[in-house]
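> Here's the feature list from TrEMBL:
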| type | residues | note |
| --- | --- | --- |
| COMPBIAS | 1-11 | compositional bias 'Basic and acidic residues' |
| COMPBIAS | 12-26 | compositional bias 'Polar residues' |
| REGION | 1-45 | region 'Disordered' |
| REGION | 654-676 | region 'Disordered' |
| TRANSMEM | 93-117 | transmembrane segment |
| TRANSMEM | 138-159 | transmembrane segment |
| TRANSMEM | 179-200 | transmembrane segment |
| TRANSMEM | 221-241 | transmembrane segment |
| TRANSMEM | 361-386 | transmembrane segment |
| TRANSMEM | 406-428 | transmembrane segment |
| TRANSMEM | 434-451 | transmembrane segment |
| TRANSMEM | 458-476 | transmembrane segment |
| TRANSMEM | 482-504 | transmembrane segment |
| TRANSMEM | 524-543 | transmembrane segment |
| TRANSMEM | 549-571 | transmembrane segment |
Amino acid sequence: MAPWPEVEKPETNNYIGDSSKQNQNMAGKEGENHKGSNVASLGNKREIQPAFSTIALIDETRPEEDDPWALPELQDTGVKWSELDRKGKIIRVLYGIGKFIMLLGLLYLFVCSLDVLSSAFQLVGGKAAGDIFQDDSVLSNPVAGLVIGVLVTVMVQSSSTSSSIVVSMVSSTLLTVQSAIPIIMGANIGTSVTNTIVALMQAGDRNEFRRAFAGATIHDFFNWLAVFALLPIEVISGYLYHLTNVIVESFHLESGEDAPELLKVITDPFTKLIIELDKSVINAIATNDESARNKSLVKIWCVTETNVTLQNVTIPPSENCTTPDLCWTEGNVTWTIKNVTETEYISKCQHLFVGADLPDLAIGLILLALSLLVLCSCLVMIVKLLNSVLKGQVASVIKKTINTDFPFPFTWLAGYLAMLAGAGMTFVVQSSSVFTSAITPLVGIGVISIERSYPLTLGANIGTTTTAILAALASPGSTLKYSLQIALCHFFFNVSGIILFYPLPFTRLPIRMCKTLGNITAKYRWFAIFYLLICFFLLPLFVLGLSLAGWPVLLGVCLPLFALFVAVIVINVMQSKRPHSLPEKLQNWDFLPIWMHSLEPWDNVIMASLSFCGKHCCGFCKCCKVNAEQEGAKDKQLKTVEVYENTIAMTDEERGGRRAPASACVEKTGTNNTAL
C-alpha cells in the first residue's frame, strides 16, 4: 500500500478545489481504481480534493424547524401500545384514568383560585373602587369613564362586579346610560388582565412563553382596538345607546327569576368555605351611602330574615304628618305609625375568616398570596399533565380537530364555528376570564394555534355578554330596564368589534400585534411585566389624572402623544415595506440614541440589576445558576448538532496530520447563539 503523500506548506486554498477541475479529473480517470486515482492526484498536484457536505441540505429544512410559531410535535417517547402485554395495557389505562381525574381536579382548583383571587382583589380595593365611582362630574367625561372602567375591573378582577355597580348607579339616577357605556367598554378591557397574568406562569420555556403570552394578549389588543375605533363613534353618534334603547322600549319587560348559575353550583361549596363577601357594600359606597363606609366586606351572617312591621314611633313636632289620621299628640310628644324594618340574624357563615379580628386589607392580602400560590401551582401541574397526556396520536387528533380548516370554499366557516364554541363554553363557565385563562396554557404548549385562539377569544367575549343579559332579565323591576340596556350595550359593542376586526383576513390586526409582542417578550421576558403595568395601571392612571384636570389639559397632552404614536407606527410599516419612499434619514432609526429604538440597553441594565440582587439573595442566585447551566447545555447541544462530517478532516485526524479549517462550521454555529 502506497504511503499517504505529505503536503508541504499547506494553505487554505489547497483544500478548496475548483469544481470544474474536479469534474475534469474525475471524467479523465473514469474506470480506474478510486483509491489509486486519489493517491496519484495527490502525488502529482499535491492538493486534497474537497469533501461534499450536507450543510446545504440541512439549511434548506432549517427555516421550517426554526419557525417559533409552528406548533411543536409532542412525540410519544413511551412504549407503543402494540408492544405492551396485558398487564402493561391495564396499567397504562389506569394511569390514563388517574391523569384524567387529576386534570379535572386541578382545573377545579384553578377555577376556584380565580374566584378567590377576585374576592381578594375586592377586599383590597373594593371600597376604593366604590369611591372612584362617586365623582359623577368625572364620569361624565367618556375618556375618564373608560379608564375608570379599566381600573375598577382590574381592582375587583370581575367585569360582572363593575357592571353591577354601574347598574346600581344608573337605577339610582346617579349616572346616565350614555355615561355608563364608556365604563362598560373599560370593563371589557380590564377583564382581560387575568389571562395575561396566567401567561406569566409559563415564562420558564422561551417558546412556550412566546405562544402563551401572545395567546393571552390577543384579547387585550382586540379590546383596545375596538375601544379606539368605537368610542369616538359612540361619543359622536350615540349609536349603542339609541339601538339598545329601541330594543328595550319595544319589549314589555317584567322581573324574572334568578339567572341560572352553572359553574357556581360546583365551585361555590368550596369557595364559600374560604371567604364570602357582601358585595352590596361596594354598591352602597358608589351610591353615596355614608353608613356603608364603616362596614366590612366580609360577610358574617349568611342566613338573615327581614321583617317589616307597623309600629308607633315619635317624630319631631316640626315634622309634618303625611296622613293626619295616623298622627296624634300626647302632651308635647307627637306619635305616628311607620313601617319599621328589622333584620333578624339567624345563622353565621362557615368560612375561615368569619371570626377573624382582621381588617379587610389584611384578609385580602392573605387571600391574594394564597390564591396566587394555588393558581401558579395548578397551572404548572396542568401544563405538565397536558404535556404527558397530549402525545403522539392523541395530540395529532386534537390538533387536527381544533386547528384544521374546512376545504375551499368553506374555509371561513371554521373560525365562526370556533367563535360559537368559545361563546358556548364561556356561557357554561359564566366567565370569559376563566375560559381564556384555561386555553392560555393550551396555546403555550402548542395544542391550539394563535390563529384559532383568536375566534375562541372573540366567542368568549360574546358568551360573557349573553350571561350578563340573562342576569339582567332576572333583575328586580326597579333596575330591570337599565341593567338590560347596559348588558345589550356590552353585547353590541363586542359584535361591532368583531365586525371590524375579524371577517376579512387583513383586518385581523390583533394576531399580528400579539405575535410581535410575543417575540419581544420571548427575548426580553421582563418586558411582559412592563407591558402589564403600563397597559392596565400606569396608562389608565395617567389618563385619569389628566381627565381630572379638565378637557383642555387632556386634549393638549394626549393629542400630540397620540399623533406621535401613529407617526412612529406608520414610519415603522414603511421602513419594512417601502423604505425607499422615505427620506434617507428616516429609513432606519440609527440617528436616535440606541436606548430610544432598542431594548438591548434596557435589558443590560435590568440584567445587571438582577445579577447584583442575586449576589445578596442565595435562592435567587441558585435559581440563576440553574438557568445559566440550562442555557449553556442548550448552546452546547446546538453546537454538537452543528458539527458536520468531513472525511478529509477525519483522515487527517487519524494520521496525525493537519486539519482542514472549519470556518464554515464556526460561522454557522455562531449565528445560532440566542441573546438574552
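Each residue's number is its place along the chain shown, starting with 1.
Glycine residues also receive a Cβ, built from the backbone N, Cα and C atoms like all the rest.
Map the listed features onto the structure and describe their local environment.
Counting residues 6+ beyond its ends, the transmembrane segment (93-117) has Cβ neighbours under 8 Å at 157, 194, 263, 266-267, 270-271, 274-275, 367-368, 370-372, 374-375, 378-379, 381-382, 385-386, 388-389, 429, 431, 433-434, 437-438 in the same chain.
Cβ atoms under 8 Å from those of the transmembrane segment (138-159) belong to residues 117-118, 121-122, 124-126, 128-129, 132, 165, 175, 179-191, 193-194, 227, 231, 234-235, 282, 432-433, 464, 536-537, 539-541, 543-544, 547-548, 551, 554, 558 of the same chain, restricted to positions at least 6 beyond its ends.
Through the fold, the transmembrane segment (179-200) approaches residues 114, 117, 136, 139-140, 142-143, 145-154, 157-159, 162-163, 166, 169-170, 209, 212-213, 215-217, 219-220, 223-224, 226-227, 230-231, 234, 240-241, 375, 379, 432-433, 436-437, 440-441, 444, 461, 464, 486, 489-490, 493-494, 528-529, 532, 536, 540 of its own chain, all at least 6 residues removed from its boundaries and within a Cβ separation under 8 Å.
Note on the transmembrane segment (221-241): residues 142, 146, 177-178, 181-182, 185-186, 188-189, 192, 454, 457-458, 461, 489, 492-494, 496-497, 500-501, 509-510, 513-514, 535 of its chain, located 6 or more positions outside it, place their CB under 8 angstroms from a CB of the stretch.
Remote same-chain residues near the transmembrane segment (361-386) are listed as 99, 102-103, 106-107, 109-110, 112-114, 116-117, 119-124, 198, 201-202, 208, 274-275, 298, 353, 441-442, 444-445, 447 (criterion: CB distance under 8 Å, separation of at least six residues from the stretch ends).
Remote same-chain partners of the transmembrane segment (434-451), defined as residues 6 or more beyond its termini with a Cβ less than 8 Å from a stretch Cβ, comprise 69, 71-72, 74, 107, 110-111, 114, 192, 194-195, 198-199, 202, 208-209, 211-212, 214-216, 218-219, 263, 379, 382-383, 386-387, 390, 395, 398-399, 402-403, 422, 425-426, 457, 460, 463, 511, 514-515.
Distant neighbours of the transmembrane segment (524-543): 143-144, 147, 150-151, 154, 186, 190, 193, 196-197, 199-200, 203, 209, 213, 217, 220, 224, 517, 554, 558, 599, 602-603, 606; these residues of the same chain sit at least 6 beyond its ends, with a Cβ under 8 Å from one of its Cβ atoms.
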> Who are the long-range neighbours of the transmembrane segment (458-476) in its own chain, taking Cβ under 8 Å and residues 6 or more past its ends?
159-160, 163, 167, 188, 191, 219, 222-223, 253, 255-260, 418-427, 430-432, 435-436, 483-484, 486-488, 490-491, 494-495, 497-498, 502
